[in-house]
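As given in Swiss-Prot:
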BINDING   101-108, 182-186, 240-243  GTP binding site
């Protein structure tokens, strides 16, 4: 996920070696500029980000930590468009969602992923197949609907408007909570496509119009999203293929250039691989600190309520231990795609694309982590702060690793644990205890 962007941030940070060195800051900003432009970030967005980072770094006194804090804060400001994150339900069901996007963007698959996400929130979902342009699109949605376990409404020899209208009637009569309509896509934007979408929108009067954008499309994707927004009005954007080797330009462009909120990200090829877009967590991954909170939420379904409650308390206090970490790795193997999960683990973000089709168990880095943890005493696993030099040497000897590798893993773990504590206490983020206590058969938290 945006690995080139993340690597560029690290390179920029390494340009600053001494405190209060303005020339070093200039070199860091120059490196940052090159990174942004290379990763398809629009020059206006790049200019704004550089201006923010420079002023905030100087205000705090030039240094690595000040630069890091300024970059993190500036990225958050740009990615946090009003209305970002999650799903908004209508006051009176059904909530009607119109999915739009170009052919090949992953729109139909994303439609099924959204249905799965809502189903996990105990919502009754109806899918409607209105993509009559692409061969087998209806059949694809039927297959995906069967996998998710939701009803798919489809009709033959009817116009798109008639199908949409009948699906809406069905959703109301059968008391569905949500109706999601998969509209037709095109290889390129044309008048016929927009006219059809306008007609379907008029029939449905949807509460949400979600545009599915391919994360690999860069500035072209930003332009397409803008055209759809101008023609039919878009309430939010879903970035598909977010787990791929995509550039960061499209995410920054959609939020800053267009002011459109990012609602979800497709984090893998499997049906469960759809995550609510949370700027704080994405920035955490970009900065190389992983995302322990999302990792914890991913494992919530395989944790019993007591485990979930205990883990959430530890995260809030910054007391996430190596035992917890090892336990999550064992449980998380059952969930989602490897690439999406790997990017959440501290220090493994750059391995996500390489491990797309690889078992977590076979990862060399994970084997190193497990070897290190298994070479610790029970006290050391529960109290990472006591790992002094002599203990680290003993652990290195027992695990077959170099002391430098032990130091690197512990440093990454410590950074991620601190970030998790900071994020769980930020205003606007749901109480993690509520999220973690969402074990199976429990009432889901109230949504936006």
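Here the Cβ of each residue, glycine as well, is placed from N, Cα and C on the backbone.
Cβ neighbour count for residue 186 (GTP binding site) (all protein chains, 10 Å cutoff from its Cβ): 16. Within the same chain, the residues at least 6 positions away from residue 104 (GTP binding site) whose Cβ sits under 8 Å from its Cβ are 185, 187, 214, listed in sequence order. The Cβ of residue 107 (GTP binding site) lies under 8 Å from the Cβ of 99, 100, 101, 131, 182, 183, 185, 212, 240, each on the same chain and at least six residues away in sequence. Here the Cβ of residue 101 (GTP binding site) has 28 other Cβ atoms within 10 Å, regardless of which shown protein chain they belong to. DSSP classifies residue 183 (GTP binding site) as strand under the three-state reduction. DSSP classifies residue 107 (GTP binding site) as helix under the three-state reduction.
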